[in-house]
Amino acid sequence: MNHEGLRVMGIDPGLTRCGLSVVQAGRGRTVYPVSVGVVRTPSDAELADRLLRLSQAVGEWMDDYTPDVIAIERVFERGNVSTVMNTAHAVGVLILAAAERGLPVHMYTPSEVKKAISGNGRADKKQMTVMITRILGLAEAPKPADAADALALAVCHCWRAPLLMRTRMTAVDLEHRRRQYQGKLGKAKSTLNARNNAQVTGDAQVRAGHPSQFERPDRADPR
C-alpha cells in the first residue's frame, strides 16, 4: 500500500524538554523533513502550568503543520519516580491534544525505533543521530538529542505504516470471514433443525394413522 504523502508528527515526550518533528513520506523509504524543534517548560513552575504550556505549544504545531498521524515514544523508565510521573503526565497531555483534533496516535518503544532506523535495537544516541541525519539528508545533526529522537520516531512510523495497514486489513478481513462463517453455520443449523422437526412431525403423523403391531384388533361383537 502506498503511503506517499503521509505526514507524520514525531514526539519525544518530556516535561522539561519535549522533542517535536514533522516529516513527510515520499516514494519507497524516502522521507522528507518538514520541521523539528523542542518545547521547554521551566522546572520551577507549577505542574499544571507546565502541562498547559506543553499542551498549547504542541497544539500549535499540530494546527500549523496538519499531520495525518502522531508517533509518540512509549517510555519505560526504571529510574527516578518523579521523572517517570512527569513523563507520564506529558504523554497524557500529548495524546489528549491529538484526540481533540481527531488525530490517530501510534506509540513505539525505544528499541522498536532503534531497530527500524539503524537495524540495531540497542543502538546508542550517537549512532541514531548519525543514521537519522543520513536518512533525511540533513546538512547537520539535529540538536538537542530530543529533536533527533522525535525525527527518528516520525521516520519509524513512515516505514512501519504500510506494514501496520496491511496487518490491520488482514485483521479486518479475518473478522469479516469469521462473521461470514458464523452466518453460514447459523443458516446450516437452522436448516438442519427445520428438517429434523419436519421428520419428527412426519413420523408422528405416520404413527397416528397406523395402529401398532402390538395392538389387538377389535373383536367382533359375538351377538
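Numbering starts at 1 and runs along the chain as it is shown here.
Each residue, glycine too, has its Cβ placed from N, Cα and C.
The feature active site is assigned by Swiss-Prot to Asp12, Glu73, Asp146. As annotated by Swiss-Prot, Mg(2+) 1 binding site applies to Asp12, Asp146. The Mg(2+) 2 binding site annotation in Swiss-Prot covers Glu73. According to Swiss-Prot, the compositional bias 'Polar residues' annotation covers 190-202. What Swiss-Prot records for 213-223 is compositional bias 'Basic and acidic residues'. Feature annotation from Swiss-Prot assigns region 'Disordered' to 182-223.
Projection of Swiss-Prot feature records onto the structure.
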| residue | record | CB count, 10 Å |
| --- | --- | --- |
| Asp12 | active site | 27 |
| Glu73 | active site | 24 |
| Asp146 | active site | 23 |
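If you measure from the Cα atom of Asp146 (active site) to that of Glu73 (active site), you get 11 Å. Rounded to a whole number, the distance between the Cα atoms of Glu73 (active site) and Asp12 (active site) is 6 Å. For the recorded site, Glu73 (active site), the DSSP three-state label reads strand.
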